[in-house]
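> Reproduced below are the annotations present in Swiss-Prot:
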type    : residues                                          : note
DOMAIN  : 9-244                                             : domain 'ATP-grasp'
BINDING : LYS46, GLY53, ARG54, GLY55, GLU99, CYS102, GLU107 : ATP binding site
BINDING : ASN199, ASP213                                    : Mg(2+) binding site
BINDING : ASN264, GLY320, ILE321, MET322                    : substrate binding site
Amino acid sequence: MNIHEYQAKHILSRFGVSVPKGAIVHSLSEVDDAISKLHSKVIVVKAQIHAGGRGKAGGVVVCRTSDEAKASIKNMLGSTLVTHQTSKDGQKVRKVYLEEGCDIKKEYYISAIVNRKQSQVSIIFSTEGGVDIEEVASTSPEKVIVCNIDPLFGFQSFHGRNLCFDSNLSLDQTRKISDIAEKIYKVMLSTDANQVEINPLVETSSGNFIALDAKINFDDNALYRHPDIQELRDYDEEIKEEIEASKYGLNYIKMDGNIGCMVNGAGLAMATMDIIKYYGAEPANFLDVGGGASQKTVTEAFKIILSDKVDGILVNIFGGIMRCDIIANGIIAAIEEIRINVPLVVRLSGTNFELGKKLLDDSSLNIITANDLSEAAYNIVNIVKK
């Protein structure tokens, strides 16, 4: 689960990380009150969307007067931002964050992420802040320092020193950055976050370190332990089909292709998307119905797929605990309930797959069955291309 920048900064401040003073604005009627809370000649107006790249898209504006700030807020609220992290349709700006300007001497990057390969938390630090860390890692890998924290021992003082060892930083700078690294590590553990990122972490002329921008992503599977964090969820920033899918235990991710996919199992779903691309088409979604799909979930899965503009649907089911004949009956019932006006190719394998295939073939419905995944993908791609 993602949250907005202003929410991430509020969490960081609770753990002792310094952030600029700011105020959130949802409508023009709140602007004067928000500006009055700030005591700075420079006001930064920031669009609050769940995507990076806001600055280049006009979503971050530095204003030197209240009138400039008001004009920027008026232009920004209700507008649509298109960045490299949004879809081509962009995201609507429903709220903006006003922040006091900051005296910037130097920009750094620091983050904590879950390192699944090492089963540890990795702290990443760079003296090159304010840009994508992937770009820095590509052009100047020596400037990106990674320190892995064993959860058995937690963050130790030497971890902070190791982060700054080759960065030509003073003892005071090292101490302050180490302190921030320890704090974001505590944020990770305390909130079950997958990622805590400060970019840029700025050093002011007075030697203070401030989180100028922040991003936190939480583990959805651990949200039940954090009702306070669940309250931060902004459904307006999420894809409505993904929200609807979660109500029925479906794992759905919208994509930009034109062939809808319904699969059981995440690995099989990814393989299905790969083979669709192999035959020259693009998947419209990732959809894992799980191992206990019922007629109801299959029906809802079809509805969610068809809510997007798809030219065809590929159903790929492996019957293990879930028998293929039950799935076939669910598919038939779902099609009879909701009219599917696009080509549908179904591949069944596993327990009772012969019976399931026969049920589909004998149903008199417009269903094309396939014997294996390659045949199924080839068929749906070629039908859609005609």
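Note that Cβ sites are derived from N, Cα and C of the backbone, with glycine treated the same way.
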> Count the other Cβ atoms sitting within 10 Å of the Cβ of GLY320 (substrate binding site), across every protein chain shown.
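Counting Cβ neighbours of GLY320 (substrate binding site) within 10 Å gives 13.
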> On the three-state reduction of DSSP, what should I expect for GLY53 (ATP binding site)?
coil
> Can you give the mean pLDDT for the domain 'ATP-grasp' (9-244), rounded to a whole number?
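PLDDT averaged over the stretch: 92.
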> ARG54 (ATP binding site): which of the binding-site residues ASP213, ASN264, GLY320, ILE321 is the nearest Cα neighbour?
ASP213
> Just jot down the residues in the same chain as ASN199 (Mg(2+) binding site), at least 6 apart in sequence, with C-beta under 8 A of its C-beta; none if empty.
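When sequence neighbours closer than 6 are ignored, ASN199 (Mg(2+) binding site) has TYR109, ILE110, SER111, GLY129, GLY130, ILE133, ASP213, LYS215 within Cβ distance under 8 Å.
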> Who sits close to GLU99 (ATP binding site): which same-chain residues at least 6 apart have their Cβ under 8 Å from its Cβ?
PRO20, LYS21, GLY22, LEU38, ILE43, VAL44, LYS46
> Using DSSP and collapsing to three states, where does LYS46 (ATP binding site) fall: helix, strand or coil?
strand
> Out of GLU107, ASP213, which of these binding-site residues shows the lowest number of other CB atoms within 10 Å of its CB?
GLU107
> Can you figure out which of GLY53, GLY55, CYS102, GLU107 (the binding-site residues) comes closest in space to GLY320 (substrate binding site), comparing Cα atoms?
GLY53
> What Cα-Cα separation, expressed in whole Å, is found between GLU107 (ATP binding site) and MET322 (substrate binding site)?
54
> In angstrom units, rounded to an integer, how far apart are the Cα atoms of CYS102 (ATP binding site) and ASN264 (substrate binding site)?
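Between the alpha carbons of CYS102 (ATP binding site) and ASN264 (substrate binding site) there are 50 Å.
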> Across all chains shown, how many C-beta atoms besides its own are within 10 angstroms of the C-beta of CYS102 (ATP binding site)?
17
